[in-house]
Structures are given as C-alpha cells and as structure tokens.
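Structure, as structure tokens:
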C-alpha cells in the first residue's frame, strides 16, 4: 500500500490490507481498520453484562471476554502492521472458535472432562506453533475448518428452536457473516481496482463491524438455546429497543 506519514513502528512485517498506511497518524497504520473494532468491543461488553447480571454459566462470560480480546488484538495488529501483533490477532481467533466448539458440543458429550482438556492443549499447542512459524493460507484454511465444524450444531439448534425472535437472531448471524465475507473478499481480491477509486469503501473495516455484530448475534442465540436446555424460560428482549438480549426466569430451585 502507498504510505503517507512516516511509521512509528518500523517497516511493515505483517499482512497488509487495502487501506493506505499512516495517512492520519504516524502511530496508527490503518485508521479505519483499527477503529472499526470498537463496535465489537462494545457489543461484547453488553453481552458480558447481561451474562453476569442474569448469572449465566461462566462459559458465556468467557465467550464475551474472548470477543473483546480478539477485537483488541485486531486493533493492535492494524495500528502497527507488525508480525507479532498479527499473531496476537490470529491466535485468539482460533481460541475463540475452540470455545464455540465447546459451548456447542459439550452438552451432549459423553466424556465431558475430556473435551476441555483436549481443547486447552490444542489451543496451547497452536499458540506455540503459530509463534514459531508464519502461516499464510494455511491459517485461513485451518480457521475455516474450525468454523465449518461448528455449522452442523448451529443448524441443529436452529431447527429445534421454535421461538421466532431466537430464529431471527440466527438469521441475523448468517446475514452478517455473508455480508462481512463479501466485504473481506472484495477488499482482498479487488484491492488494486479499489485503490484507484476516489473513495475507498474500506471493505476490511466493514468486515470488522459486521463480525462484531455477527459474534453478538451468535452469542445471544447460543445463550437462548442453553437457557432452553436448562429450563430457564428464555425470552428475547431488546436493550434500548435495539440490541437483542436473552432474559431468563430460573426456577426457584436453581
């Protein structure tokens, strides 16, 4: 990418994107790709507060926190464009998918203690290997496989959920994933053409925004499904009349 101001972080050592570097500040390589993570942090904070306030299982608090960590890692990566910061963005992506895998499959896992142990060592092993070796397409393929492994269970939850509002959350999850993927691919594949435009639509930044909402919708839908499993009479309510969240009513015995 064509550079603007001088860099405070040294030469680019990570994957570069279609946004011009250091145009607005010598401390922020890609301004739009950096600040576009803020909505994801705020949405994860809303989800965390709701999970804590209604005393959901700790796994959901950890899930919302992992969304925040991922967004912060992405901010550090895009603001510096350094290899170490890129790894600090990509490793939490894998950890987050392992957490989703646990939440989706653990309720029916016959040997429950084995799953968190296996996923912990898998995540730790990946972090070590990823810190030593630099992956390109291999990382993307690995991440896509983890995502695909979660789809059958998400679909099963969807077809067994009768609540219309909860189904709408799942549809919003799919829609934001689809739109975000188009933005990501457009920014990556057509960067040369986009760079010649008078206005860059910042496809990668839009990907961050869509994925912030995508994670929030996914988490909220999973919280609804888990509340159903536990018999907590879940309902989808709306914070400020806009943001959906799960409201539950636990039996007095719980």
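In case you wondered, yes, glycine gets a Cβ from its N, Cα and C as well.
Of all ranges given (31-49, 88-106), TrEMBL attaches the label transmembrane segment to 31-49. Among the ranges 118-137, 138-157, the one that TrEMBL lists as transmembrane segment is 118-137. Only residues 6 or more beyond the boundaries of the transmembrane segment (205-225), in the same chain, are considered here, and those with a CB under 8 A from a CB of the stretch are 19, 32-33, 35-37, 39-41, 43-44, 46-47, 50-51, 56, 60, 63-64, 67, 71, 74, 100, 103-104, 154, 157, 161, 163, 166, 169-170, 172-173, 176-177, 179-181, 183-184, 187, 234, 236, 243-246. If you count C-beta pairs under 8 angstroms between the transmembrane segment (61-81) and each of 31-49, 118-137, 172-190, the highest count goes to 31-49. For residue 204 (Zn(2+) binding site), the same-chain residues lying six or more positions away in sequence with a CB closer than 8 A to its CB are 17, 18, 19, 33, 36, 183, 184, 187, 188.
Across the fold, the C-alpha of residue 78 (Zn(2+) binding site) and the C-alpha of residue 16 (Ca(2+) binding site) stand 9 Å from each other. Counting other C-beta atoms within 10 Å of each candidate's C-beta, the binding-site residues 78, 208 are led by 78. Annotated Zn(2+) site 78, 204, 208; additional same-chain residues within 8 Å of its Cβ mean position, judged by their own Cβ, are 17, 19, 30, 32, 33, 34, 36, 37, 74, 205, 207.
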